[in-house]
Protein chains: 2
Amino acid sequence: MTSLTFDIPPTDKGALEEGSSFTPKFDASGLLTAVVTDADSGELLMVAHMNAEALALTLETGIAHYWSRSRKSIWKKGETSGNLQSVAELRTDCDQDALWLKVRVAGDGATCHTARRSCFYRSVRLSDGKVVLKVER
Amino acid sequence: MTSLTFDIPPTDKGALEEGSSFTPKFDASGLLTAVVTDADSGELLMVAHMNAEALALTLETGIAHYWSRSRKSIWKKGETSGNLQSVAELRTDCDQDALWLKVRVAGDGATCHTARRSCFYRSVRLSDGKVVLKVER
């Protein structure tokens, strides 16, 4: 468990957007969106979600923790596979409802459960009025 | 309005993850998460949401359209500011509930309403047991 807690977002938009207080704006389900990129290549690896506890654990340990919406539990990414994510930098956006994690992936470097480096391995294209997927890597 | 529609996700996980059918998995609010990066620099610019209509308009026009959760309406990003986003590539992830748009931003290149290039201009750090934000650019 963690002892780190987060303050409620201010009603003043200027304070939220330009201040130095971190006041994450969790959604109705208590979650933030987390965008995860490779700290070295910049590649988009995955999109996940964090609740307050996952965020606190990530800040305290430097290892990415998420909230698994399907399992409804804290998810220390890579705990089973060995592909732990060390957080090189954490950022938030203007309204503090999204996070950007720049990570280094341990083990064989896979992020996706399909064993690929990134979950975003397929492009989406409109071709002759139909939408098709193409595996890019 | 658009005539493009999307099929229901298959129950077969293999088809969802490895097939060539685009079957976006909209959440309970009818939305997908959209991660937007600069097609040239790779920088993370913003995180937004798309409903089926915004996604169809984006595919048909090549210009990014989102769903504004605050205004509850279609949001053609940059329509007012001139910072329209041309989509160079669109990707989806393994379970097809998130999108990655690689875009080129028109006008003065700002994405954030604070006039910055990216909404992610602040880092989040744990310092002496306190979480602090720092403006990085």
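The chain as shown is numbered from 1 upward.
Cβ from N, Cα, C; glycine included.
Within 10 Å of the C-beta atom of A:D97 (Mg(2+) binding site) sit 18 other C-beta atoms, taking all shown protein chains into account. In the three-state DSSP assignment, the secondary structure recorded for A:D97 (Mg(2+) binding site) is coil. Summarising the annotation, TrEMBL assigns Mg(2+) binding site to A:D93, A:D95, A:D97.
Sequence annotations record features per position, and here TrEMBL assigns Zn(2+) binding site to A:C94, A:C112, A:C119. In the three-state DSSP scheme, A:C112 (Zn(2+) binding site) is classed as coil. Using a 10 Å Cβ-Cβ cutoff, A:C112 (Zn(2+) binding site) registers 18 neighbours.
Positions annotated as domain 'Phosphoribosyl-AMP cyclohydrolase' by TrEMBL: A:46-121. Shown for the domain 'Phosphoribosyl-AMP cyclohydrolase' (A:46-121): DSSP residue counts in helix, strand and coil, namely 10 helix, 30 strand, 36 coil.
Close to A:D95 (Mg(2+) binding site) in the fold, though at least 6 residues off in sequence, lie A:L16, A:E17, A:K25, each with a CB less than 8 Å from its CB. Around A:C94 (Zn(2+) binding site), the same-chain residues at least 6 positions away in sequence with a Cβ under 8 Å from its Cβ are A:L16, A:E17. In this structure the alpha carbons, written CA, of A:D97 (Mg(2+) binding site) and A:C119 (Zn(2+) binding site) are 22 Å apart. The distance from the Cα of A:C119 (Zn(2+) binding site) to the Cα of A:D93 (Mg(2+) binding site) comes to 22 Å. Between the CA atoms of A:D93 (Mg(2+) binding site) and A:C112 (Zn(2+) binding site) there is a gap of 25 Å. The number of other Cβ atoms within 10 Å of the Cβ belonging to A:D93 (Mg(2+) binding site), over all protein chains shown, comes to 24.
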